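Everything on this sheet refers to the single structure shown next.
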Amino acid sequence: MGAQDPKFGDQATLLNPRYVRSFVRTNKTDAADARAIWTAALQPGMPSVPVKTEAQQALLGSHRIRSELVDTRTRRVNQLRGLLGEFGLHFTAGRHAGLAEIRARREEIENAVPPVLWSALARQLDEIRREDEQILEIEREIANWLRSHPAGQTVEEIPGIGPITASALVATMGSAQAFRSGRAFAASLGLVPRQSGSGGKVQLGGISKRGDPYLRRLLIHGARIVLTRSRKRPAWAEALLARRPTPLGHQARHERLGRSQLLPSRPQSYHRTRPDIGPQPIPNTSKHLTQTLASGRCSYKGSKPAGSGERHFHT
């Protein structure tokens with residue numbers, strides 16, 4: 001709805017409901033909610049949510065449909081394994097290998113289970129095949145969209161970032177005017193510890209997990225791949241994994257990936273040549289974000305994980 005307001009000469013401001021709730025004085029009614037929204041919008045420093053364009057909403061809609069298809073396919077495969085396991089039929093772990101084995105042993109399964117169950121299982125296999133085709137089609141459309149957006153291509157060159165993650169980041173972030181730095185963007189995704197302070201003492205808790213869970217999931221998968229497939233991990237990652245559980249090391253790499261999404265907005269090339277001594281503060285890049293993401297005039301100069309050779313990427 002916010003994207004439609006400019007057509008009528010209005011400027012929309014989106015507020016987080018958590019911030020508005022504290023201004024509701026009485027019971028929850030439409031009138032009380034309207035007054036609370038009006039009061040919250042007038043507060044100085046009240047954080048707002050950027051209004052997404054129609055193009056951003058369309059792309060994120062494709063991501064939501066793809067995510068739902070993936071979840072549905074996963075449920076079908078797990079259900080298929082469970083039902084066949086009750087008849088003593090077990091298959092190779094993994095979706096690709098397991099489905100290939102199920103299809104290869106189709107005749108054996110048909111003879112081992114009652115006909116009424118086999119007809120239902122056959123329909124499930126057909127549904128899984130159709131979902132595979134739909135997911136691939138959506139991924140092709142997203143890849144085509146990414147090829148026409150230089151800023152998205154630049155984000156994709158960061159290690160651990162593929163077409164799905166790059167397109168979701170660009171569509172979610174937009175012009176990135178709301179973020180002062182890469183650290184602020186990482187905080188908006190819930191990649192930083194929860195803080196509690198009083199009397200000048202600040203205590204850090206667990207990861208807040210605020211923000212977009214879909215982006216967090218994509219980034220943590222990318223961070224896990226970078227850390228597990230790299231022949232030589234960064235020194236800070238090795239030190240962290242030596243004293244902390246592996247998921248925490250993935251989370252730290254995850255946070256760095258989130259902060260690095262704003263680095264391509266700098267007008268000059270980004271060189272990853274400094275000693276890797278741990279997480280570093282990200283410089284303020286907000287004055288270049290709108291111009292860069294709109295025109296794609298940016299470059300990322302770095303290398304893929306160790307073992308892949310030195311590579312330089314420009315857009």
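Glycine is treated like the rest: Cβ placed from N, Cα and C.
Coiled coil is the annotation TrEMBL gives to one range among 121-148, 149-176, 177-204, and that range is 121-148. Below 8 angstroms of C-beta separation, residues 59, 62-63, 65-66, 69-70, 72-73, 76-77, 79-80, 83-84, 99, 102-103, 109, 113, 156, 163-164, 166-167 of the same chain, each at least six residues beyond the ends of the coiled coil (121-148), sit close to that stretch. Residues in the domain 'Transposase IS110-like N-terminal' (17-86) partition by DSSP class (helix H, G, I; strand E, B; coil) as 49 helix, 2 strand, 19 coil. Mean model confidence for the domain 'Transposase IS110-like N-terminal' (17-86) is a pLDDT of 90.
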